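Peer 1: Look at Swiss-Prot and you will find His114, His118, Asp301 tagged as Fe cation binding site. Feature annotation from Swiss-Prot assigns substrate binding site to Leu136, Val137, Ser138, Gly139, Gly140, Asp169, Gly182, Asp186, Asn275.
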Amino acid sequence: MKDRYILAVESSCDETSVAILKNDDVLLTNIIASQVESHKRFGGVVPEVASRHHVEVVTTCFQDALDEAGLEASDIDAVAVTYGPGLVGALLVGIAAAKAFAWANQIPLIPVNHMAGHLMAAREQKELSYPLMALLVSGGHTELVYVPKAGEYHIIGETRDDAVGEAYDKVGRVMGLTYPAGREIDQLAHQGRDTYDFPRAMIKEDHLEFSFSGLKSAFINLHHNAQQKGENLVLEDLCASFQAAVLDILLAKTKKALAKYPVNMLVVAGGVAANQGLRERLASDITETEVVIPPLRLCGDNAGMIALAAAIEYEKHHFAGWDLNAIPSLAFPNYKE
C-alpha cells in the first residue's frame with residue numbers, strides 16, 4: 001500500500017510551524033520557527049508583530065519540512081491547517097500558505113481546530129483509547145473535554161476568566177520574570193515552599209468550571225503590598241505557593257470530571273502540560289486512570305499535533321473548500337453540555 005503524507009501548518013499565535021506526517025502517526029519532521037525573542041520585550045505576544053514574522057518565515061518552513069523529510073511537494077497527499085482559535089492575522093498567514101500549496105498541487109485541504117490538535121498530540125505517545133477525558137491547559141485555554149470517540153468533543157468544564165497559562169505569565173511579569181514565565185515559575189517553585197496562603201477558587205463546588213482571576217489578583221495584591229511596606233518576599237516560596245494553588249484547582253476539577261464520566265484514559269495537553277509540577281501531581285494524584293501526556297516537544301504550539309489531528313479528519317473526508325477562513329474564537333465541534 002502506498003504511504004500517505006499529510007503536510008500540516010500551524011500559525012495561530014507566535015510559532016510558525018510546518019510538519020509532515022507519514023500514514024497515521026509517524027511524524028517525519030516538525031519544523032518550528034519561534035518568535036519568543038521578538039515578543040519578550042513586550043511581555044506578551046503582539047498580534048501584528050506575530051503576523052509579520054509568520055509572513056517572513058512560512059515559505060522557508062515549508063521547504064525545510066520537505067527537505068528534512070526527503071520528500072517533494074508532489075509526494076504530499078493533503079494539507080492540514082489550523083483555522084482557529086487564535087490570532088486572526090496569524091491564522092490567515094497559515095491558511096493562505098496552506099491554500100496556495102493545496103491549490104498548486106491539487107490536493108485536499110483539511111481544517112483543524114487548534115485545541116483538538118493539542119489533544120491529539122497525545123497520539124504520538126500512545127494509541128488513544130475511547131472514551132477519554134482531556135484536560136487542556138495553555139496560555140489561552142483551560143478546558144475539560146469529554147471525548148467519546150475520535151473526532152467528537154464535548155466541553156464539560158472551562159475557565160470563567162483567565163486561562164491557567166495566562167495567569168502564569170501575568171504573575172511572572174509582576175515578579176519581573178522573562179516572558180513566557182511558566183517554565184521559570186515551575187523551576188523556582190521546586191526550590192521553594194508553599195508558605196503563602198492563596199485562594200483556590202470554586203475548588204469545593206461540584207461543577208467543573210475553573211477560575212484563576214482571584215488567585216492572580218491575590219498574588220498581585222500580596223506582591224504590591226509587600227513592595228509598599230518595604231517587605232522582602234521569598235521569590236521561590238512565592239512561586240511554590242502560586243503553583244500549589246494552581247495545581248490544587250486543576251487536580252480537584254479533573255478528579256471530579258473523572259468521577260462523573262467513566263473513561264479509559266486521561267489526556268493532559270497544551271503548553272502548560274510541560275509543567276513538571278503538574279506532571280508530578282498527576283502521577284501522584286491520578287492513580288486509577290491511565291494518564292497520557294504528549295512529549296515535551298509537542299506540548300507547545302506545533303504543526304506536528306495538527307498533522308496528528310488531521311489524520312483522523314482525513315479518514316472522515318472532512319475537507320475544506322477554498323473559502324476556508326480564520327475563526328479566532330473557534331469552539332470545539334460540539335456544543336457545551
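Quick reminder: no glycine exception, Cβ is built from N, Cα and C everywhere.
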Peer 1: Give me the largest Cα to Cα distance among Leu136, Val137, Ser138, Gly139, Gly140, Asp169, Gly182, Asp186, Asn275, the residues the record lists as binding substrate, in Å as a whole number.
Peer 2: 18
Peer 1: If you count, for each of the binding-site residues Ser138, Asn275, the other Cβ atoms lying within 10 Å of its Cβ, which residue has the minimum?
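Peer 2: Least crowded of the binding-site residues Ser138, Asn275, by Cβ count within 10 Å, is Ser138.
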Peer 1: Near the Cβ of His114 (Fe cation binding site), how many other Cβ atoms are there if near means within 10 Å?
Peer 2: 24
Peer 1: Long-range neighbours only, meaning 6 or more apart in sequence with Cβ under 8 Å: which ones does Gly182 (substrate binding site) have?
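Peer 2: Once residues fewer than 6 apart are set aside, Gly182 (substrate binding site) is near Gly165, Tyr168, Asp169, Gly172, Gly271, Val272, Ala274, Asn275.
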Peer 1: Starting from the Cα of Leu136 (substrate binding site), work out which of the binding-site residues (His114, His118, Asp301) are within 10 Å.
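Peer 2: The binding-site residues close to Leu136 (substrate binding site) (Cα within 10 Å), listed in sequence order, are His118.
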Peer 1: Taking the centroid of the Cβ atoms of His114, His118, Asp301 (Fe cation site), which other same-chain residues have Cβ within 8 Å of it?
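Peer 2: Neighbours within 8 Å of the Cβ centroid, excluding His114, His118, Asp301: Glu10, Ser12, Thr82, Gly86, Met115, Gly117, Ser138, Gly270, Asn302, Met305, Ile306.
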Peer 1: For Gly140 (substrate binding site) and His118 (Fe cation binding site), what Cα-Cα distance in Å is obtained after rounding to a whole number?
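Peer 2: A Cα-Cα distance of 12 Å.
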Peer 1: Can you tell me the CA-to-CA distance separating Asp301 (Fe cation binding site) and Ser138 (substrate binding site), as a whole number of Å?
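Peer 2: For Asp301 (Fe cation binding site) versus Ser138 (substrate binding site), the Cα atoms are 9 Å apart.
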Peer 1: Using DSSP and three states only, what is Asn275 (substrate binding site)?
Peer 2: coil
Peer 1: What are the non-local neighbours of His118 (Fe cation binding site), defined as same-chain residues 6+ apart in sequence with CB under 8 A from its CB?
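Peer 2: Long-range Cβ contacts: Leu136, Ser138, Ala269, Gly270, Pro294, Met305.
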